[in-house]
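Annotated features, as they stand in Swiss-Prot:
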type	residues	note
ACT_SITE	Glu92	active site, proton acceptor
ACT_SITE	Cys333	active site, S-methylcysteine intermediate
BINDING	Cys113, Cys117, Cys120	[4Fe-4S] cluster binding site
BINDING	Gly160, Glu161, Ser192, Ser215, Val216, Thr217, Asp289	S-adenosyl-L-methionine binding site
DISULFID	Cys106-Cys333	disulfide bond
Amino acid sequence: MNLKSLSLQELEAALAPLSPSPAAVRKVFAAVFAHGAQSVEDVASARQVPRRVGDHLRAHAEMPKLAIVERRRADDGFVKYLFDSPLGGRIEAVRIPIFDEKYVICVSSQVGCALACDFCMTGKLGFKRNLQTWEILDQVLQVREEADRPVRGVVFMGMGEPLLNYKETLRAADILRHPAGFSIAGEAITFSTAGHVPAIRRYVREGHPYRLAFSVTSAIAEKRAKVLPIEKTHPLPELIAAIREYSEVRRERAMIAYVAISGFNMGREDAEALKVAFEGIRIKVDLIDVTDPTGKYLPPTPEELSAFRDHLQILKSPVARRYSGGKEIGAACGTLAATQYGGTVMPRPAEAPPSTTP
């Protein structure tokens with residue numbers, strides 16, 4: 001049994017033949033996730049783990065591990081990790097500093113991505129496979145192990161569309177939130193979605209405590225389709241209806257991620273389209289400068305951004321500019337594509353064309 005993949009309830013079921021106390025099972029679970037045990041032996045020999053349970057774990061349990069291939073540190077404190085999985089493929093995670101107090105970890109949910117958003121490097125890899133629960137959690141375990149501050153949040157904004165790996169990402173989030181696991185608050189765990197409407201509606205029905213961030217980028221369908229091909233499958237009216245349902249059921253503002261692209265979606269007509277699309281829906285808008293290493297898309301100039309923020313006042317909704325850090329190490333939104341994948345080496349920052357996406 002893979003100790004990094006089991007919920008507390010699943011662990012209880014797996015150990016039931018040994019008749020351990022609930023406290024003993026919880027101790028095993030906490031040793032893996034709360035305390036970051038490095039091996040089965042560390043778990044088996046943990047205090048308050050009965051000998052018969054420890055012996056059973058030594059004989060039947062495993063704790064696979066991602067291999068850290070590379071770490072890159074940026075001047076702004078962001079750290080990008082490149083992992084090699086024993087199941088195949090390479091994935092990336094980012095440690096994000098929040099002032100001098102804590103970290104948030106950005107994790108990947110898939111190797112590659114099927115959605116092919118035009119400004120996203122991961123989409124250029126194509127879809128390889130979904131990550132398993134343990135592969136998602138091991139990103140957090142290993143990044144946390146090297147952290148000098150507490151980890152207080154996890155965002156599923158790395159490689160892949162988390163709602164297309166629905167079961168595994170939700171299982172991982174539940175363990176992240178569990179008080180005997182990582183003990184991260186539900187509202188501090190966010191899934192970013194490009195707009196897979198059936199999964200969004202399922203998520204709302206099931207009532208999960210985690211937040212969704214909706215990548216809209218343009219409320220003009222023709223523009224959105226140019227950069228987000230999912231628009232052709234799940235068009236804006238369908239997505240906006242799902243966002244309305246999300247906001248109303250949860251009684252909170254929906255987070256609208258808006259990738260700001262110079263000369264593309266920064267005009268008055270773009271702000272007016274947002275107003276029409278989200279009329280009567282409680283939202284907050286996150287503006288994220290595009291970071292496209294190919295140079296095809298450029299971030300807005302300060303003048304463009306200032307003018308657009310003025311235009312957005314018609315929304316009468318909160319608007320914030322999200323800092324997308326780690327640009328020089330390929331850690332910014334949209335640049336996670338695995339430095340090396342299948343023998344192909346992605347350009348290093350010094351070699352890359354002008355930067356920019358999310």
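We number each residue from 1, going along the chain as drawn.
Heads up, the Cβ atoms here are built off N, Cα and C, so glycines get one too.
Here the CA atom of Cys120 ([4Fe-4S] cluster binding site) lies 13 Å from the CA atom of Ser192 (S-adenosyl-L-methionine binding site). A 10 Å radius around the C-alpha of Cys113 ([4Fe-4S] cluster binding site) takes in none of the recorded positions listed as Glu92, Cys106, Ser215, Val216, Asp289.
Taking all protein chains in view, 23 other C-beta atoms sit within 10 angstroms of the C-beta of Ser192 (S-adenosyl-L-methionine binding site). Here the Cα atom of Glu161 (S-adenosyl-L-methionine binding site) is found 12 Å from that of Cys120 ([4Fe-4S] cluster binding site). Calculated from their C-alpha atoms, the gap between Thr217 (S-adenosyl-L-methionine binding site) and Cys120 ([4Fe-4S] cluster binding site) amounts to 13 Å. The separation of Cys120 ([4Fe-4S] cluster binding site) from Cys106 (disulfide bond), Cα to Cα, is 15 Å. Cys120 ([4Fe-4S] cluster binding site) sits 10 Å from Gly160 (S-adenosyl-L-methionine binding site), counting Cα to Cα.
Per the record's binding annotation for S-adenosyl-L-methionine, residues Gly160, Glu161, Ser192, Ser215, Val216, Thr217, Asp289 show a top Cα-Cα distance of 20 Å. Here the CA atom of Cys117 ([4Fe-4S] cluster binding site) lies 10 Å from the CA atom of Ser215 (S-adenosyl-L-methionine binding site).
Put simply, Gly160 is the one of the binding-site residues Cys117, Gly160, Asp289 whose Cα lies nearest to the Cα of Glu92 (active site, proton acceptor). The two recorded residues, Cys117 ([4Fe-4S] cluster binding site) and Gly160 (S-adenosyl-L-methionine binding site), show a Cα separation of 11 Å. A sphere of 10 angstroms centred on the C-beta of Cys117 ([4Fe-4S] cluster binding site) encloses 22 other C-beta atoms. In the structure as shown, the Cβ atom of Cys120 ([4Fe-4S] cluster binding site) sits within 10 Å of 27 other Cβ atoms. In sequence order, Ser108, Ser109, Gln110, Val111, Gly112, Cys113, Thr122, Asn130, Leu131 are the residues of the chain that are 6 or more apart from Gly160 (S-adenosyl-L-methionine binding site) and have a CB within less than 8 Å of its CB.
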